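In what follows, a single structure is set out as structure tokens and then discussed.
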Amino acid sequence: DFLCISLVNGFTQLRYNLGDKTVILQTLQKVHANGNTWHSLKAGRVGNEGYLDLDGINITQKASPGMNALDAHTDFFVGGVSSLSLVNSMAIENEPTGFTGCIREIVINNRELKLTATDPKGGANVGDCDGTVCGYTVCKNSGTCQIENSGFFCSCPQEWTGTTCEQSIYCSQNMCGSQALCIPQPSTFSYTCICALGWSGKYCDSKIKFYIAKFAGNSYIKYTDPYYGKRDLQYSRISVNFTTSHTEGLIVWMGKSEDEDNDFLAIGIANGTLKVVINLGEKISVPLMHSKYFTCCDERWHFVTVVQNRTCIKVYLDEELILFEDIDPQRKYTALNYGGICYFGGFEIGRKVDVVTTGLFQKEFIGKIKDVVLFQDSKKIQLMKAEGYNVYDGNSEN
């Protein structure tokens, strides 16, 4: 399998093979080879349907029956490869050769690659293309970079300030505590403070403790499991108590959630009923739904336990076994490599649940969570000791 983007006789070409046939897409127009024109290129596939867009002009290859997963567990190369022998003969029309030119702002699956000297795994013969202290990301929020004798200067749009236009004018005089985030509210010419775990109040200046975590919809807790290195990942288990009045919401996501290759186990509410999704590898997400005349959004406490015994999944709701399924009798992948990360209620500020979970869950959780136990641990995890924002004391009614 491969996916390759190349220049062929001045045209941009996308080629990919998912295991059965090579699909070829080529742009209608040539690129400007004058060395001073930037082009915007978008290329990819959904299943085996491909698309290629150069400067807003789109070419789409309609899907046909066949394979629809790209099984290419290799390094990702930009501009060239460490050895030309690595290039599949079907991946490019002519003899493979390295790219000469400038590349910037590479985004793979909604995640930007940092094109610095230190972030990539390796490389050779790559220099600074801009040649100045102004790069495309120096000035944030659509600021304009101008070169000065001593460095650079950012001209900021009306609502932004700071040396790199990184700060909203509405937050420049904010009173949020040191453990808080200032979120600008342009419509009211104001701001709101989002409190870190253990803080509350309008300006996040009141210290709190809680054993029941209350989530307001733009809340999350990120817990790092200190015992991850000692876990037997073929036999995972998580238990949690929750209560909610909402019909949609992500309760727990065990997994790093950094890219689509990460394993995960997720528990949430979908259409008013319990939904569990597990992925042990190769992006094969298996959703398990329970809809036996039951609603989870009745504001009562419910106790859910998910047990993974290799590929066999058991789900208990209020101590009753409601789901039991072998998600892969072939036993191809049997371990939940969740990276020692557990999210509760949602993800980091700015990361939408429906985007991160690719539509498996629609919204952040609104409700309360308590008594979380991982594996067969004798103690509940201390949610207060984790990272997170906008989580309240579930014991009180405020």
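A Cβ is built for glycine as well, from the same backbone N, Cα and C atoms used for every other residue.
Computed from a predicted structure; not experimentally measured.
The domain 'Laminin G' annotation in TrEMBL covers 1-129 (among others).
According to TrEMBL, the disulfide bond annotation covers Cys102-Cys129 (among others).
Per DSSP, the secondary structure of the domain 'EGF-like' (130-166) breaks down as 0 helix, 12 strand, 25 coil. Annotated domain 'EGF-like' per TrEMBL: 130-166 (among others), in sequence order.
Just so you know, the Cβ of Cys165 (disulfide bond) picks up 21 other Cβ atoms within 10 Å once every protein chain is counted. The disulfide bond annotation in TrEMBL covers Cys156-Cys165 (among others).
Distant neighbours of the domain 'EGF-like' (167-205): 158-161, 218, 221, 349, 383-384, 386-393; these residues of the same chain sit at least 6 beyond its ends, with a Cβ under 8 Å from one of its Cβ atoms. What TrEMBL lists as domain 'EGF-like' is 167-205 (among others).
The disulfide bond feature in TrEMBL is assigned to Cys176-Cys193 (among others). The number of other CB atoms found within 10 A of the CB of Cys193 (disulfide bond), across every protein chain shown, is 22.
Long-range C-beta contacts of Cys204 (disulfide bond), restricted to its own chain and to partners at least six residues apart, with a cutoff below 8 Å, comprise Cys176, Gly177, Gln179, Ala180, Cys193, Ile194, Cys195, Ala196. The disulfide bond annotation in TrEMBL covers Cys195-Cys204 (among others).
Confidence annotation: the domain 'Laminin G' (210-398) carries a mean pLDDT of 89 in the model. Annotated domain 'Laminin G' per TrEMBL: 210-398 (among others), in sequence order.
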Integer Cα-Cα distance in angstrom, Cys102 (disulfide bond) to Cys165 (disulfide bond): 26
Residue pair Cys156 (disulfide bond), Cys129 (disulfide bond) - Cα distance, angstrom, rounded: 24
Cα-Cα distance linking Cys165 (disulfide bond) and Cys129 (disulfide bond), given in Å to the nearest integer: 23
